[in-house]
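Novice: In case it's useful when we look at the structure, here is the feature table from Swiss-Prot:
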CARBOHYD  Asn286  N-linked glycosylation site
TRANSMEM  26-46  transmembrane segment
TRANSMEM  64-84  transmembrane segment
TRANSMEM  93-113  transmembrane segment
TRANSMEM  125-145  transmembrane segment
TRANSMEM  154-174  transmembrane segment
TRANSMEM  220-240  transmembrane segment
TRANSMEM  251-271  transmembrane segment
TRANSMEM  294-314  transmembrane segment
TRANSMEM  327-347  transmembrane segment
TRANSMEM  356-376  transmembrane segment
TRANSMEM  385-405  transmembrane segment
TRANSMEM  420-440  transmembrane segment
Amino acid sequence: MDQPSPSAEDSQPERQSTGTRGTRFWAVFVSLCFASFVASLDITAITTALPTVTRELDGGENYVWIANSYTLASAVVQPLIGQISNIVGRRNPMIILMCLFALGSGICGGATSTGMMIAGRTVQGLGAGGILLLLEVIVCDLVPLRERAQYVGIALSTCALGISLGPLVGGALVQHATWRWVFYINLPCAGVALVALVLCLNVQHKREVSWGRALARVDWVGNTIFIAAICAIMYALVIGGSVHPWSSYQVLVPLVLGAFGWVLFHIFEASPYCLEPTMPPRLFRNRTSMTAYVLAFLAAMLMQWVVYFLTLFFQTVKGQSTTMSGVDVIPFTGFMIPSAIVGGAIMSKTGVYRPLHWAGFALLSICMGVFSTWDAGTPRAEWVILQCLVGLGHGLLLTSVLPAIQAALPESDNAAATSAYAFLRSFGFVWGVEIPAVVFNGQVDRFISRVHDATVRNKLAHGGAYSLAGTSFLSQLGDEADAVRSTYTDSLRTVWQVGMAFALLGFALVVVEKHIELRTTLETDFGLEGSENRAATSVEGVETGPVSKAQ
């Protein structure tokens, strides 16, 4: 049965009024939104700068690590951060994570080698992943489930704004200054965000009697197994097909070990030896939350898929500069903002989420199918309209998946459920670069024979085609330019077709979900500090009875 599980009897969380939002709520909310904007800006700013960064640091096929180290780091620590925030509260982890993000940005800006860049991106990812996770956790602490999509929609719209401006900012800085300022620009922004968090983020939590007791509650064994397993899997995926053949032991050994570790992690989490699991098995014991987790993974993967490879399309097939390629993807990234807000408002008003999921994946399927027909002659009106539609689809999914997960779970599981959701979303971001990169590199190697110049062929082969993207490369090719452009065009065609298949899978999986009534009351241990209101009210401010169960 898909219904909310009962909360622990010994817990008496605060039942907060939701009729009005006071000054303290908005101070917390705005500071969180600004912090998430700063962290989100760097997610896509690297997309337009990546070919230049890879070329200047002589990264070659390691360009996927520059992108993936950020998303991998942000993914693997999210369950740990979620659990720590449950134990020590939300405030201190959020402040530390913002400091980590700033430190990573400084390392990236001063990078003199690919290894240093990857290290900096890893530190950045640790901070940004935790910031975006705690943004949603804290909003869930302050807002009941029925309203949650609306407020999460507004909060994530600031993320979408950062994502929208990222390619433009990254391209402009690369073209008119230096790629290093793509990272240095984060430092003053992070400083402002840090001050806002210190002054405004005052939320309560149950304090342990000592730090030793608090640290003893952390699932260190489970998190160690989890992080090692995910890192092994991603290492195999990144080097597979580019550095080593998929059948080689260098790929198979970490892949098998990672898969074994993933299974071992879940066995340990379900065992009596794990007293406080990072990712409790009960999160996955009903079909609605389990399906919604898969949808979250697919939606995130396809979002990254579109962002990275639309930029590549404009730089190579359309011959745009890095700055203009950032401008050209604004219809996609920018349209997610109003779409996310509208989707959240629809869910808050109607209390339904399945139609939004169907509409979102239907739009992704159609648009990615049409993307596969694009070439150098595709008119501007077509690619603008299609990007708006795919942005609409992503926006609808952005705010509607998490409430579907939480609807079947008690409020006490909010942090754990949100952490698992954030991990799968971040893991999806990693796959959203890796899968299309593998497809793209394989297709380039397949079509590269049409290029007659052996020197050019060698530069394009084995992952080199991505790092060479940009008009400066194509303008130097002379008679070979058309052959190289057609290689990019046909390779991207297959990338979009594979993406369409994943979007269709998401559309089909919505059938498995079940409608569950969204709660209109809020019970939490992590409300605003100093709150004394313990009256349970509905969204409209009228007292309600017990939490509604599934229909």
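Glycine is treated like the rest: Cβ placed from N, Cα and C.
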Novice: Would you say the transmembrane segment (251-271) and the transmembrane segment (356-376) are in contact under the rule of three or more C-beta pairs closer than 8 Å, pairs 6 or more apart in sequence?
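Specialist: Between the transmembrane segment (251-271) and the transmembrane segment (356-376), which are separate recorded stretches, there is no contact, as judged by 3 or more close Cβ pairs.
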Novice: Hey, would you say the transmembrane segment (294-314) packs against the transmembrane segment (125-145), going by three or more CB pairs under 8 A that are 6+ residues apart?
Specialist: no
Novice: Check the transmembrane segment (125-145) against each of 26-46, 93-113, 154-174, 327-347, 420-440 and return whichever range has the most CB pairs under 8 Å.
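Specialist: The stretch with the most contacts is 93-113.
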Novice: Quick one: do the transmembrane segment (154-174) and the transmembrane segment (64-84) reach 3+ CB pairs under 8 Å, ignoring pairs fewer than 6 apart in sequence?
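Specialist: Stretch pair does not touch.
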Novice: Is the count of Cβ pairs under 8 Å between the transmembrane segment (420-440) and the transmembrane segment (64-84), pairs 6 or more apart in sequence, 3 or more?
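Specialist: They do touch: at least three Cβ pairs between the two stretches lie under 8 Å.
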Novice: At least three Cβ pairs under 8 Å linking the transmembrane segment (327-347) and the transmembrane segment (385-405), pairs spaced 6 or more in sequence?
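Specialist: In this chain the transmembrane segment (327-347) contacts the transmembrane segment (385-405) - 3 or more Cβ pairs sit under 8 Å.
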Novice: For the transmembrane segment (385-405), find every same-chain residue at least 6 residues outside the stretch whose CB is under 8 Å from a CB in it, and list them.
Specialist: 136, 140, 145, 148-150, 152-153, 156, 160, 288-289, 292-293, 295-296, 299, 302-303, 306, 310, 329, 331-344, 347, 353-354, 356-357, 359-364, 366-368, 370-371, 417-418, 421, 513, 516, 518
